Every structure is written in C-alpha cells, then in structure tokens.
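According to TrEMBL, the features are:
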BINDING   B:C84, B:C89, B:C125, B:C129  [2Fe-2S] cluster binding site
Amino acid sequence: MEMINLTIDNKPIVVKKGTTILDAASSIGIDIPTLCHMKLHDMNIENKPGGCRVCVVEVKGRRNLAPACCTEATEGMEINSHSLRAVNARRTVVELILSDHPADCLVCAKSGNCDLQDLAQHLGIREIHYQGSQSHYREDTSPAIIREMDKCILCRRCEMMCNEVQTVGVLSTINRGFHSVVSPAFEMNLDHSTCTYCGQCVAVCPTGALTEVDHTGAVIRALSDPTKTVVVQTAPAVRAALGEEFGMEPGTLVTGKMAAALRRLGFDYVFDTDFAADLTIMEEGTELLGRLNKYLAGDKQVKLPILTSCCPAWVKFFEHQFPELKDIPSTARSPQQMFGAIAKTYFADKMNIKRDDLVVVSIMPCVAKKYESGRDEFAVNGNPDVDYALTTRELAHLINLGNIDFKSLPNEEFDNPLGESTGAGVIFGTTGGVIEAAVRTAYEVQTGKALKRLDFEELRGMEGLRKATIDFDGTLIHIGIAHGLGNARKLLEEIKAGHSEFHAIEIMSCPGGCIGGGGQPYHHGDVEILKKRQRAIYAEDKNKVLRKSHENPYILKLYEEFLGEPLSEKAHHLLHTQYFDRS
Amino acid sequence: MPKIKLAEKTVELIREICAQFNNQETELINVLHQVQHKLGYLPAEVQEVIAKELNASVAKVYGVVTFYSFFTMLPQGQHPISICMGTACYVRGAEKVLTEFKRQLGIEVGQTSADGKFSLSCLRCVGACGLAPVVLVGEKVYGRVSPQQVSKIIAEYQDGCASAQSA
Ligand code: SF4
Ligand code: SF4
Ligand code: SF4
Ligand code: FES
C-alpha cells in the first residue's frame, strides 16, 4: 500500500494513497466542516457530489481552494484548513445558501437537528450579505413523508440513498439553475410514485426539506379524550435509540424509562410490539416449516425461498418492482399490524371496550409504518387496526411536551397481556434478528429437540448481504439476509432467474435494519451509532429469561383462548394479508 | 405511474434507437436527441420506455429532459418558433420580441397554438450574435427582429390568409 506524507495545519501526517483531504484531516482530529458530503463508513455508502464547497481548504502552491471531501491528498501537500481565505469562502458559500432559504428555524421540524443551522452557528454567521429572490415550490404531503423543497439545498444525499442504496429511483434533480429541485419523475407527488416510504432520504437530509408526517397532535387529542382508551405499542428498535434524544450515550437501553414515560403521558396500557414479534414468529415460522416440509417431501411446486414480510417498505418495494414474485413472501402481517388486529379484537373483547373507543398508537423507528397503518386492508369498516404510528423522534417530542425529565425516570414494566415478550421478539430490531428468532422456534418445532445454543453469531453482523447454513438435525437450511433494498434486489433477481440457493431470506429496507430506520434519532452519518444500537439489542435479548417466541406464556394463552393454533382460520383472518401488483 | 399507452410501432422505434446505443445509460442524452428527432417531442410515456430500455430510473430521465432546454415534453407546432435569449440577443430586445410573439399567438413559452401551427420556445445563444436579436422558425433564421416585424413573420406561415392572427 503506497503511503503519502503531507501536513495539515502544520501537523505532519502519513496516509494511504487515495485518502481524501477530509478523511486525512479527521484522522488527526481536525474536523473540516462539510454539508453535502456524507459517508457511512464500512457500509459502502457515500455522497460526494462536491457541490456545496463548504469544505474548501487552502493548499500551498495551488491557485484555487480545494474541496476537501473530494480532493485526494498527494505527496508533500501543505494544507491550511482554516486560512482566512478558506474561512471567508466557506462563510460566503453558507451565506449564499441562506439567502435562498426560508428563515423558518424557530418553527422548523428540523430545528436543533439541522446540519445547515449547525453550520451557520459554527461559522458564526450573524448577517446575510446577499439578497436575491427565493425559490418556491409547492409542498408535497404523502401518507408518511413531507417534501418542503423551499428548504432543499440540493446536496443530493436523498438521491444517493434512493437511487444507489435503495435502487428505488424515485428522486432526481430536475430543471435547471434557480428552478432546480429534487423531485419524482414528472413532478408527481410522492404518493403517486414508486416510493417505498423507507424514509432513508429523510434520515440523511441535512435540512427540513424532507421530514415525516407529524401525528403527535392527533395522539395528544386522543390522550385527552375521556371517552377513549388509548393503548401504545413500542417497536424493538426504539428502546435502543430513544435515549439519544435526551443526550444519553448511543446504545443505552431505555426500555424501562420508556415504559415509565409512556405511562406518564397518559396511555392507559403500555404494551410492547415485541409481543407481536413473538406472534409473528409463531405464524411465519409455521408457514416456513409448512413450505419446507412439503419441499423436502418432494413437492416441487412449493414456493421457496420464503421471504420475511415485517418491513412495509420492503413490501411496497416488491409490489412495485417484482410483482411476479408476490406469492413468495410470507403472508404474515408485520408485528405492528398483528398487534393492532389483536388489540382491537382479543384485548378489546377482554376489556369490554368498543372498537371505536379503543385507540392504538405505535412507536416505531420507521417512517413506512405510517403508510402501512393506513393501508385499506388493515382497517375494519374504516376503523384502522393501528390509529397512529409515531416515530422514535416524535415520541421524544411528546415526552418533552409532557414536561417529563426522561433521564431521571424509574424503570417500569410493560402491562399485560400484550406486553410480555421474549428475546426473540427483541432482536427483530436489527438486521438478522427476525430470521434468528424464526430459527430458534422453527428448529425446536421441527426437530422436537431443545437448542443447545441460542446465539447464532453466523446470522449477525452489518454486511449488506449475508448467508449462513443452519443444521436442523441433519437437514441443512440455507438462509440469506439482506438489508438495504439494493441488496434485496440482488437476491430477488436470483430468485427470478430461478437459481436462488436459499430456503428462507430476511429482508429489511433500512441499512442496519430497524435500528437504522428512517424514524430513528438522526445519526448524522455516524455508523458507530448504529453498531452501538445493534449491540444494545443483543444485550437486551441476552438479559431475557425467555428467548424463544414459542415459550412466551401470553402467546400460548392467546392461542389457547382465542386463535386456536398458528395458521388457523382466525389467525389467517387477523394475522395474515395479501399483496398487490402495483407495477 | 401512468400506464404505457403508446402505439406498438412507436415503442419499437424507441427500442431500436436505444439498441443502437447498446442500451447504455451513459448514452441517455444521445438517445433522447434521436427519439425527439423522430417523434418531435418526449412525452412521459416515451420517457418511461426509454428508462426501461436503458435500465435507468424514470426520475433520472425526466431530470435530464428538464435540464436541457432543447428537450421538450410537448408536441411542437408545425412551425416551431424559437427566440434566442443569449446575452447579445437579450440586451438588444429579445424579451420584447418574445412578449410580442406570446401576445399575438396567445400562448406561453413551451406551448403550442390551438390550431397546432405554432409553438414557442427559448434558446440559449445560437452563435449568431451579429444578427441579434435572432428568431428561428423551423430551420429558417430571422435576424435583427423587432417587435414590429412579428406579425409579418407569423403571416408568412399562415397559408394564404396573411392578415389573420393580429390579436
Ligand atoms: S422514502 Fe425511500 S423510496 Fe421513498 S423517496 Fe425516500 S429513499 Fe426513496
Ligand atoms: S431534499 Fe434534503 S437531502 Fe435531498 S437534496 Fe434537498 S437538502 Fe439534500
Ligand atoms: S427496516 Fe424497519 S425501520 Fe426500515 S422501513 Fe423496514 S420496518 Fe421500517
Ligand atoms: S462537503 Fe465538500 S463539496 Fe460539499
């Protein structure tokens, strides 16, 4: 490996050839400000259009300033990252951006989390010396995402996410010059496009141009309505990230404080989506074994591999892009929807609450869950199984509105019966977790033997595509895992071409799985945060007394009292779904 | 997404053009040029076929079509009128000429007159700055055009009834 010597701010440094000035500087603790650039290290995700020029530095002997994010360091370079010229240029760039930006900070959904705001602060901008006309574009509201293009700074991070990482291809820069905006084809609204609502564009947008639809107001109204019983469910990935919103170290588990906060906010019952994740395993696992055993018995008609179906963005993706494969995914609804269906039948009956008087709120790491809860098939006479899906960020907002000092809350438990879960339900929050949970149950049901180990390290990790073979007592089960829709696409192409080697595949739309969901606290490009959340999820699993879904006593009771057995007619009706050709 | 409802023949033509460029996404601009040359314009359905053939996203194709002013999504009139808006033409009154064309034809830039005869577009510098302001009707170049000449130019193309269309 060829090495290169250079100095940055008079500090000598040796880096690998090919390193950018930006990375070289950050390796010795010099943080050159950036705006359009974003790199998710180890995930092969990088946006470097070199467009904004905020990162310019002075290179001795070079006439013009060099953008650090996309200029390679070369032998003998002498770089000054904060010369007067560089700092002035940086300030000019930011002032020009601000001159065509609505001064909405005080009321902007992104305030406090906005890279542009931070940058203006960092550079000490107190006045904008340029005045020009401001570009205006209509606002676009979809079931999950709001596009407010007046706040777009054309960094193109969203385009990179949507096109390269997710391969959905909804967003592109259109028009020219002053009239440029990022938009779906033919300037149609997002809800007419093939957008999956994965929210990864929202997760990386540096400004308030892309945000989730806010349902906190509606939830507050429901909470203050004395005629309503309001129950809440919290997805597994939320407990591993919510603390960040209150200044806690990434990867801090806040399960108990979260339950306490929800109770203080006035929810009548604080339940757990992890319970429904266990239920998902009962249904999906049974479906998997059903198909597998038919196949092993020589039935070549049976559809394999079976694909997981808990991620609504993934579901919408294949409905648009691979409709011919729509009978391959499991028909099991996602945990969010299973919870809603059970809450509004089993639980409502038990408590003698009328369907219309029961409000189900879910707290999700996800933007697509907002869309999912609004799908027609998940409502009865217009009353949805899940009334409102809030993101982790929206919950933090509610907690602040409730004047709750989150950090000093005691740890509290979830309520029963829909709050009890096993470690298998918890790991749904990370890539690899759903399939590991399925393996734990499927293995024991299939072989009739107890597992000797519960930690399937071979299914874990952060690589975008992984595979593993699990020995089911002599029968080898081949498993594939993909996170990020671009990776999923590769596995789907194989299936379409008829040479997939897998029996079962887990797919999650977001890089990292739900821990990296579009509704989580913003990671600002720091992949370490995702890894810490992942470790927290596995730690929570380890701490659980029960770690296999089929051992959850409340799940067993639910089948006994209400559903009968997995894949029963009632289970089909309430817990399974169908997919549509949206091409 | 609008369902493709183009004639099979048109779809074939587009496929052929894409194939000439080896269905390479990097050839998108050339493909668009050729297709517009054959069809006169690039409506949404056409862009969808091109995107599919080149394995590019429709959004990207649309992005390119809207970036370059010589691509158009609307059918052109029988006599496409283009007004140069380069610096030289602009300072010598191209804007006034454009306003006059708009007024007399009753259409905006990018539109086609109801009878399908005329369409109006703007160009960036055509390199005939000595003749500024420049107007093109089809392939024919008119130099040093003043607003007063506009009705005469239009009349040339009005098939015999030279006095029509004076607002
Ligand atoms: S939500 Fe996902 S699919 Fe939709 S525009 Fe954003 S990145 Fe693309
Ligand atoms: S919408 Fe956001 S992410 Fe996309 S280009 Fe604009 S500012 Fe960047
Ligand atoms: S991976 Fe999780 S957070 Fe991301 S879209 Fe799917 S369900 Fe939502
Ligand atoms: S951050 Fe380097 S050009 Fe934008």
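In case you wondered, yes, glycine gets a Cβ from its N, Cα and C as well.
Within 10 Å of the C-beta atom of B:C125 ([2Fe-2S] cluster binding site) sit 15 other C-beta atoms, taking all shown protein chains into account. Residues B:C84, B:C89, B:C125, B:C129 make up the record's [2Fe-2S] cluster site, and a Cβ search at 8 Å around their centroid adds B:M85, B:G86, B:T87, B:A88, B:Y90, B:A94, B:L123, B:R124, B:V126, B:G127, B:A128, B:A132, B:P133, B:V134 from the same chain. In the three-state DSSP assignment, the secondary structure recorded for B:C84 ([2Fe-2S] cluster binding site) is strand. Ranked by how many other Cβ atoms sit within 10 Å of their Cβ, the binding-site residues B:C84, B:C89, B:C129 place B:C129 at the bottom. The DSSP secondary structure for B:C129 ([2Fe-2S] cluster binding site) is helix. Under DSSP, B:C89 ([2Fe-2S] cluster binding site) is assigned to a helix (H, G or I) in the three-state scheme.
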